[in-house]
Amino acid sequence: MAGTGSWRAKVEVEEEQEDDDEAWTRSERRARRNLLNIIHRYYLDAISRLPTTEFARGLLVGGHCFGPLHPVHNIIVNSLWYAAAFPLRDGIFEVHVLSADGIARICHCSLDGLLVSLRHHCPSLSTGDALWHLMSAGANLHAAIASANGTSVTTMLAPLAFRMAAEASRHPNADAFALFASSVLPARRHDVDLFLGLQQYGLSPFDARCLSTMLVPAPVSLPPLLEPKPKLTLKVLILLNSHTRQFKDRQRRLVHVADMALHKYNLQTKQEFQLQAICGDNVVSEKESLDHLHLNFLAHPTGRPTSMPSLFFSEAIVPTHDDKDISLCVMVDTAIDIGSCLACQKEEKMIVHPYYDEYLGGKCFQHE
């Protein structure tokens, strides 16, 4: 009997441990979602300040939120640096749409980099503790390290910390980024801070190019390839051309919807806004209902391209023929509206929805 009692006690302890592990897992998932929302806000802020038609690639590929500056400034500077340091050899076309998937990817990658770098500096931290310190620090790596160590904030980190963050975030050139973030950028920090501080709000294309030249006087030298660059086969070229056409067609359709939504909004409010960039989209499908497009876009007052833009949410019937198919177009505030309807959550789309209007999927809106 004593053996049976001991066995039962062991089982109860193991069950309690499993419950604790499950609770920690739920807690970590919640903390991760909250951190991703914070990081998403930073990206929306950075996108609103950048001439995204020219620097979308730099932002979505190399514009991570970690570095020696504030997260928003890190995104801006890292995006400009990557675009200037590693320019495309072939011709590029203007990009007006930053997809929800692309933005979500860079948000997740940035968080992965923050976690790895923080736990490198503070190896005793569990994942849950690291998430908590990042939450407390507003996803600022230097503040999180100071919080975990109980010290004052310093912006100086070793190249290894930035290289580990870059590798974890799947940066295309982690070594070059580590050198830039730990040596090049700190040496120019005063000038960069002064330059960004002098801008009223957004950067014009000319401003962005000036800052890029400050960060990268000449393209970064890469080691020569061991083998010559292979020529693309006809099949691959046809596939690439097809994808390019599909992207341009999709961009044209989304811009058309955003323009119609803004036109309707301008008529209703007697204001004049002009589209700057689309920063999130998702097609929502529900039974016994037409498909609807949920869209986030930035727009600035007409004739003032470098003024502070506003973030909009729009819902439209798919396909969208005219402004009668626009069921909703409102300004949203990331400070209070950040989140998703259930339909967008299921698709893991980071779309900012209003909390006070009805839209497809909004009746199931979840706050945690």
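For all residues, glycine too, the Cβ spot is worked out from N, Cα and C.
TrEMBL annotations: computationally assigned, not manually curated.
As recorded in TrEMBL:
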type     : residues : note
COMPBIAS : 13-22    : compositional bias 'Acidic residues'
DOMAIN   : 39-146   : domain 'PIR2-like helical'
DOMAIN   : 258-354  : domain 'DUF3615'
REGION   : 1-23     : region 'Disordered'
Secondary structure content of the domain 'DUF3615' (258-354), with strand meaning DSSP E or B: 24 helix, 37 strand, 36 coil
Tally of DSSP helical, extended and coil residues in the domain 'PIR2-like helical' (39-146): 75 helix, 1 strand, 32 coil
Average pLDDT across the domain 'DUF3615' (258-354), rounded to a whole number: 88
